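Taking it in order: structure first as structure tokens, then the write-up.
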Amino acid sequence: RARQPYRFTPARNPEKRSCAFRLTVRNAMAHLDSEVKEECLREDLRFYFMNPCEKYRARHQIPWKLGLQILKIVMVTAQLVRFGLGNQLVVAFKEDNTVAFKHLFLKGYSGIDEDDYSCSIYTQKDAYESIFFVINQYHRLKNISLATLDYGENEDNIIGLKICKQHYKKGTMFSSNETLNIDSDLEIDCTYLDLQTFAKDPQDWMRSPFFRLEFYRLLQVEISFHLKGIDLQTIHSRELPDCYIFRNVITFDNKAHSGKIKIYFDSDADIEECKDLNISGSIQKNTQYVLLFDAFVIVICLASLILCTRSVVLALRLRKRFLNFFLEKYQRRVCDTDRWEFINGWYVLVIISDLMTIIGSILKMEIKAKNLTNYDLCSILLGTSTLFVWVGVIRYLGYFQAYNVLILTMQASLPKVLRFCACAGMIYLGYTFCGWIVLGPYHEKFENLNTVAECLFSLVNGDDMFATFAQIQQKSILVWLFSRLYLYSFISLFIYMILSLFIALITDSYDTIKKYQQNGFPETDLQEFLKECSNKEESQKESSAFLSCVCCLRRKGSDDHLILIN
């Protein structure tokens, strides 16, 4: 059959065809652009959840944060050990001086405190002798003390003793008909005995009307004085010595009017800069080395803080990209579990640790330079930061399946354990209040709420059981029977039931994690999205010999499990 000649038919509407072509090209370009964005997002997500060795193999990115954390562990631990050794000297010096002061100023002190006070007196003669003994010992301090002590100024800029007595405003006692009239309003009388007073005849101030005590309305006598001391033992550690101000208060407590006056001794020490201190030798050079080491620790922590903060910011941006893409493509929101996967808790822990280390190191440098004396705050900051640093090591062990069981078990069991503890805490508080109000007058471990809570917690752990049972006073048969019922029920309930259930919750979470590791973890939207990765092989360069030997040895693909944990 003869082929019909081709006839060109011009378009009826050329503009409409041109628009359709452009729309088709535009849709194709949009689809291609969407695929490119999806692939880039998927690759960024996979790279974000890689461990440092996998990141090095993928993009040859040097694990700076890992190296800084290893270096920081060594530096912070060394700093803490050195500070702890110096802090031990401070604590030992304060305790030794407190014991020495008690022997110097407390008449008849045996060296052992009676309960929460130092010693007791029972007669008026002993009361007068104890008060005058403190005054005479203060006067003869430089001649009898073995320490390098000197007199210090009190709050009123007076060098000497401040003696105050507190008593009821008015009171009359009639021994004939055994009546006592007391005005409950309180009065406080104070007097000062300075060094000029001591230069006079002692009988002058001893016969003063101030020291005529009416014991039936006397509540307490308080003697306060300040002393200066210097700690020279730090020289052996090649450190500058510390100067101390000891604020001593001796209280004769007669508030109970039971025939027994309790004597309390309280000594508070403040460290201050030593003035006109001239010590030759290599101590000053050693101080400079320590300050330089602390400055280096601050630089290391500052670099770690910047890198971890940058990682957190980039993670939040990546999460925003993923949430927007998931909402556009699948028209639904991502679950909360996947949202929290981008918040790396370990980075937050490292940031907090770095901030505490930087602040603590600055305080330590000021203490070393004798500009500050706040040892307690510095100890809390450095100690807590070191704790966080060592806990952060678990993060790198969590990259290996054989070591991440602890982290996954804690993460899975924490919500259940918190809910269980909230319920068990109600029962615990009930037993605490009940034991305090019933057994408090008959047992020293139940005298206040704090000791009751500590005693019950010890019983839960099986500590000091027999002593708790044996120390209950048998003055009341009813209370004694109640104490047995109370203790037996508490121990049976918490040890055999509540503690067993607590362990069962953790064991159940552990078994669940073990099954997941064998059969695979439940897949979330984020994991399913990452599994859709293209099968294109990426060219990887050989790792350096150092990183290959240390941590970047290749493993078989079958041994790798995609476990998203922060």
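All residue numbers here begin at 1 and follow the chain in the order shown.
Backbone N, Cα and C atoms are what each Cβ position is placed from, and that goes for glycine too.
Listed in TrEMBL for this protein:
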- 90-275: domain 'Mucolipin extracytosolic' (DOMAIN)
- 289-316: transmembrane segment (TRANSMEM)
- 346-363: transmembrane segment (TRANSMEM)
- 375-397: transmembrane segment (TRANSMEM)
- 378-513: domain 'Polycystin cation channel PKD1/PKD2' (DOMAIN)
- 417-439: transmembrane segment (TRANSMEM)
- 485-506: transmembrane segment (TRANSMEM)
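When Cβ-Cβ distances below 8 Å are used as the criterion, the transmembrane segment (346-363) is approached by residues 69, 72, 76, 79, 294-295, 297-298, 301-302, 304-305, 308-309, 311-312, 315, 372, 374, 377-378, 381-382, 384-386, 388-389, 391-392, 395, 566 of the same chain, each at least six residues removed from its ends. In summary, the transmembrane segment (417-439) does not lie against the transmembrane segment (289-316): fewer than three C-beta pairs, each 6 or more positions apart in sequence, are under 8 Å. Listed by sequence, the residues of this chain that lie at least six past the ends of the transmembrane segment (485-506) yet keep a Cβ under 8 A from its Cβ atoms are 409, 413, 416-417, 420-421, 424, 427-428, 431, 434-435, 438-439, 456, 459-460, 462, 465, 468-469.
For the domain 'Polycystin cation channel PKD1/PKD2' (378-513), the DSSP-based tally of helix, strand and coil residues reads 115 helix, 0 strand, 21 coil.
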